[in-house]
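Everything on this sheet refers to the single structure shown next.
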Amino acid sequence: MVIKFLLSWFVRCSQSWLYNYPRIELPWAKYVRVVAVSGISSALDIGCSNWSFEFITVSLYTMTKSTSVIFIVMFSVLLKLEKKQPSLAIIVVLITCGLFMFSYESTQFNYIGFLLVLAASFLSGIRWSFTQLVVQGQCYGLSHPIDFMFHSQPWMALAILPLSLYIEGFELITAKNLFRTDAFDQLIGALIQLGIGALLAFGLEISEYLVVSSTSSLTLSVAGIFKEVCTLYLAAKFNGDNISFVNMIGFIICLCGITLHIVTKAVNSSKYVGEKYRS
């Protein structure tokens with residue numbers, strides 16, 4: 001998070017210097033009121049998701065995290081980001097049921113891990129709905145992903161650092177390949193790996209914010225579910241795991257839900273363009 005904050009600060013300064021691009025600086029009152037919810041929920045979502053892998057398998061994680069689309073729809077409707085439409089409910093049911101069937105009988109259940117992922121799904125609904133509210137709100141001026149990342153990273157660090165230090169602080173300090181290492185090259189190698197991971201996270205977060213600012217949080221969630229389904233399918237194919245008939249039916253149902261969402265978005269977009277052209 002520190003590296004992502006520094007990278008976003010560097011990009012902001014570079015764009016301002018090279019292109020005379022104005023950058024938004026929110027006052028403290030608006031900064032707390034607007035960005036805090038998204039930043040804190042983002043950090044807790046990531047923290048709970050990563051923590052759950054100590055207790056559950058990838059299959060159970062994927063199956064449970066698919067419920068995030070339900071929470072995203074719920075908060076999107078409450079915040080009036082999405083209209084109440086029958087197609088919306090059908091999409092959610094198809095994707096959720098399909099992903100559940102695709103992961104059926106391929107997991108080991110654990111209550112602690114399950115509750116952690118369920119909490120992460122709920123927080124994910126808050127995270128992306130409020131992110132969409134901010135980046136698509138013209139009055140906030142944070143539609144650019146770099147601006148939003150710059151303002152949200154301090155809140156994410158404030159929320160996740162105490163928890164991470166409590167859980168992993170002692171192990172991090174006493175890690176032999178970091179602070180207790182006798183070889184300087186080993187320390188440099190570990191820091192390079194951390195830096196590469198931070199760069200990948202930086203690029204991923206920018207692309208996520210671009211999707212949300214251009215489309216919606218629901219579209220981002222559907223795209224993420226498509227990625228998870230493809231990951232599970234390829235893992236089963238190359239690792240030799242058996243895919244049952246129920247799993248294949250779930251895979252097809254999930255793809256039908258994703259296709260319906262794409263068609264619905266395309267139809268609504270064409271209607272909006274037509275109305276705008278006629279006006």
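Here the Cβ of each residue, glycine as well, is placed from N, Cα and C on the backbone.
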Q | 60-79, 220-239 - the range that TrEMBL marks as transmembrane segment | A | 60-79
(Q) Using a threshold of three or more Cβ pairs below 8 Å, and leaving out pairs closer than 6 in sequence, do the transmembrane segment (110-128) and the transmembrane segment (60-79) count as in contact? (A) yes
